[in-house]
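Peer 1: Below is one structure. I have some questions about it.
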Amino acid sequence: MFKVGVFGADGRMGSEVVRAVQAADGMELVAGVDSADDRSTVLGADCVVDFTHPDAVMDNLEWLIGHGIHAVVGTSGFDEARLERVRAMQAAAPGAKVLIAPNFGIAAVLMMHFARKAAPYFESTEIIELHHPNKADAPSGTAYRTAELVAEARREAGAAPMPDATTSEIPGARGADVDGVRVHALRITGLIAHQEVVFGTDGETLKIRHDSMNRTSFMPGVLLGVRGVAGLADPLTVGLDALLDLD
Ligand SMILES: NC(=O)C1=CN([C@@H]2O[C@H](COP(=O)(O)OP(=O)(O)OC[C@H]3O[C@@H](n4cnc5c(N)ncnc54)[C@H](OP(=O)(O)O)[C@@H]3O)[C@@H](O)[C@H]2O)C=CC1
Ligand SMILES: O=C(O)C1=N[C@H](C(=O)O)C[C@H](O)C1
């Protein structure tokens, strides 16, 4: 029986995770914790799922790692500096594994995987992410990760810088620069989570689009993470790809 805790349990994602864990075979919910609650109620859990806030997640991780509890993290806002801090926490208190997934949607993981594969074949790549207006961070963690993967693939292929003649710009008009890849963030009432990766080369374009139509769609990925986190090879893993057979 997997004993699971949930941080952010009253939130849009956390409340779905509570329901998914309660309904899952071989899982038991130890406690759901939100911002006003005592997090020590999760003590005894094998693993805690965190869907809180970019401002809260680092402190939660330090606490979980310090207590030897594996963490499955959906909260966004992880750049290399934050990942380095997590590695330092794990070096100081070895034992707990951490899985950080910018997106638990299986189709979203495939979208990122395909984007990385496509990147070397195109001169230009830009990313448009579209989310509900209650989202705290921009660009999304998914867009940030996709940009990193595209940039990595372009570097490995020795790609030239992307063409862009812009010399006059209202700040923001060309989006955010993430590792040399432009990312444009839209916040639109009625949407949940969507992303388009737009590739172009002479005479051809390719668009890879992913849409999350509800939040239950993330749950198979979250449960896969809960079941798999303890068995991961490295103390810190970024991306659900590690638990899927993609290459
Ligand atoms: N990886 C993925 O697949 C996905 C990731 N996300 C990410 O997950 C995060 C949460 O998103 P969402 O559920 O929409 O946000 P919500 O604001 O709906 O939920 C977050 C919840 O966490 C609570 N919270 C804040 N700080 C703490 C804390 N220290 N301990 C426990 N609970 C806390 C909040 O309480 P209060 O309101 O009182 O602050 C709130 O109830 C975001 O970073 C989002 O980008 C979202 C969807 C999918
Ligand atoms: O805040 C959200 O809603 C989402 N956040 C994640 C992100 O920042 O990429 C995942 C998904 O896009 C939904």
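A Cβ is built for glycine as well, from the same backbone N, Cα and C atoms used for every other residue.
As listed in TrEMBL for this protein:
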- 3-104: domain 'Dihydrodipicolinate reductase N-terminal' (DOMAIN)
- Gly8, Ala9, Asp10, Gly11, Arg12, Met13, Asp38, Gly74, Thr75, Ser76, Ala101, Pro102, Asn103, Phe104: NAD(+) binding site (BINDING)
- Arg39: NADP(+) binding site (BINDING)
- 108-231: domain 'Dihydrodipicolinate reductase C-terminal' (DOMAIN)
- His131: active site, proton donor/acceptor (ACT_SITE)
- His132, Gly141, Thr142: (S)-2,3,4,5-tetrahydrodipicolinate binding site (BINDING)
- Lys135: active site, proton donor (ACT_SITE)
Peer 1: Under 8 Å Cβ to Cβ from Gly141 ((S)-2,3,4,5-tetrahydrodipicolinate binding site), same chain, six or more residues apart: give me those in sequence order, or none if nothing qualifies.
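Peer 2: In sequence order, Ser76, Gly77, Phe78, Pro102, Asn103 meet the Cβ cut-off.
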Peer 1: For His132 ((S)-2,3,4,5-tetrahydrodipicolinate binding site) and Arg12 (NAD(+) binding site), determine the Cα separation and express it in whole Å.
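Peer 2: It is 12 Å, counting Cα to Cα.
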Peer 1: Among all chains shown, work out which of the binding-site residues Arg12, Arg39 has the most CB atoms within 10 A of its CB.
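Peer 2: Checking each of Arg12, Arg39, the winner is Arg39.
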Peer 1: Spatially, which candidate from the recorded positions Arg39, His131, Lys135, Thr142 is nearest to Arg12 (NAD(+) binding site), comparing Cα atoms?
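Peer 2: So, spelling it out, the nearest of the recorded positions is Lys135.
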Peer 1: Are any of the recorded positions Asp38, His131, His132, Thr142 near ligand 1, with a Cβ under 6 Å from it, and if so which?
Peer 2: none
Peer 1: Per DSSP, how many helix, strand and coil residues does the domain 'Dihydrodipicolinate reductase C-terminal' (108-231) have?
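Peer 2: Split by secondary structure, the domain 'Dihydrodipicolinate reductase C-terminal' (108-231) comes out as 46 helix, 36 strand, 42 coil.
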Peer 1: CB neighbours of His132 ((S)-2,3,4,5-tetrahydrodipicolinate binding site) within 10 A?
Peer 2: 14
Peer 1: For ligand 2, list the binding-site residues among Gly8, Asp38, Arg39, Thr75, Ala101, Thr142 whose CB atom is within a distance below 6 Å of it, in sequence order.
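Peer 2: Passing the 6 Å Cβ check against ligand 2: Thr142.
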Peer 1: Residues other than His132, Gly141, Thr142 within 8 Å, Cβ to Cβ centroid, of the (S)-2,3,4,5-tetrahydrodipicolinate site?
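Peer 2: The surrounding set, listed in chain order, is Ser76, Pro102, Asn103, Glu129, His131, Lys135, Asp137, Ser140, Ala143, Ala193, Gln195.
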Peer 1: When the Cα-Cα distance from Thr142 ((S)-2,3,4,5-tetrahydrodipicolinate binding site) is computed for each of the recorded positions Asp38, Thr75, Ala101, Lys135, which gives the smallest value?
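Peer 2: Ranked by Cα distance from Thr142 ((S)-2,3,4,5-tetrahydrodipicolinate binding site), first place goes to Ala101.
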Peer 1: Taking the Cβ of each of the active-site residues and counting other Cβ atoms inside 10 Å, which one has the highest number: His131, Lys135?
Peer 2: His131
Peer 1: When neighbour density is defined as the number of other C-beta atoms within 10 angstroms of a residue's C-beta, which of the binding-site residues Asp10, Asp38 has the lowest density?
Peer 2: Asp38
Peer 1: Using DSSP, what's the helix, strand and coil tally for the domain 'Dihydrodipicolinate reductase N-terminal' (3-104)?
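Peer 2: For the domain 'Dihydrodipicolinate reductase N-terminal' (3-104), the helix, strand and coil counts are 39 helix, 23 strand, 40 coil.
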Peer 1: Where the record says Gly8, Ala9, Asp10, Gly11, Arg12, Met13, Asp38, Gly74, Thr75, Ser76, Ala101, Pro102, Asn103, Phe104 bind NAD(+), what is the longest distance in Å from one Cα to another among those residues?
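Peer 2: Comparing all Cα pairs, the maximum is 27 Å.
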